[in-house]
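These come from TrEMBL:
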{"type": "ACT_SITE", "residues": "HIS185", "note": "active site, proton donor/acceptor"}
{"type": "ACT_SITE", "residues": "CYS199", "note": "active site, nucleophile"}
{"type": "DOMAIN", "residues": "101-223", "note": "domain 'L,D-TPase catalytic'"}
{"type": "SIGNAL", "residues": "1-22", "note": "signal peptide"}
Amino acid sequence: MVAFILSLTLSAIIFFPHTALAKTYGAKLCDLPQYECYAVKRGDSWQKLFPDEDQRDIVMRINRMNTKLYPGLKIAVPTSFGSDPLDYSPFPQYIDPPGTKFILVSLSKLAFGAYDSNGTLQRWGPVSGGQNYCADVRRGCRTPAGKFAIYQKRGAGCVSSKFPLGKGGAPMPYCMFFHRGFALHGSYTVPGYHDSHGCVRLFVNDAKWLNQEFANGSRVTVIINK
């Protein structure tokens with residue numbers, strides 16, 4: 001894993017096939033022994049099911065979603081809860097020192113990992129990347145993979161200049177542009193699958209943290225590991 005991450009070289013932009021994913025990420029975890037699968041019932045909410053804020057945050061991260069629950073949705077719940085969200089990271093907690101801190105985005109894992117210059121994982125969280133096809137623009141809108149760098153950041157008031165089509169204004173709090181018009185940004189619509197026009201949606205608190213911790217010029221690596 002370490003060698004794969006650090007030796008990754010991409011000479012051209014390639015794209016992730018959104019349709020290869022299950023509808024929601026959490027549903028894929030239900031068969032693993034460390035998780036139980038729960039079918040959401042009418043009247044359920046994140047707050048009602050998980051009144052403990054820390055446990056609720058962990059379950060939402062595991063399922064890669066912060067959207068409203070609906071009847072019939074299957075979510076993965078740990079059979080036992082730890083206190084450290086890093087214990088549930090899909091990334092290694094230590095890698096060979098990269099020499100500079102960077103953000104790793106895995107489109108297949110629907111997650112990001114933020115590493116410091118010593119190779120220690122500082123934080124991880126869910127992402128939602130670009131869809132395979134966006135009906136409003138009538139073309140594919142998948143998130144590009146490759147090695148990039150943050151070139152522009154904005155704060156809580158960041159909005160899209162393009163979407164919705166014709167007027168713009170879609171909220172993109174704590175946006176961090178890394179390639180052309182593609183950005184990492186906060187969203188309250190991280191649904192457990194790829195659903196954007198190509199940007200990388202994050203939980204808003206994760207986007208705020210990344211925005212504060214990573215300056216312009218910081219590395220962003222987007223990969224398609226399976």
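Even glycines carry a Cβ here, placed using N, Cα and C.
Across the domain 'L,D-TPase catalytic' (101-223), DSSP classifies residues as 10 helix, 51 strand, 62 coil. Close to HIS185 (active site, proton donor/acceptor) in the fold, though at least 6 residues off in sequence, lie CYS158, MET172, PRO173, TYR174, CYS175, MET176, CYS199, VAL200, ARG201, LEU202, ALA207, each with a CB less than 8 Å from its CB. Counting every protein chain shown, 26 other Cβ atoms lie within 10 Å of the Cβ of the residue listed as 'active site, nucleophile'.
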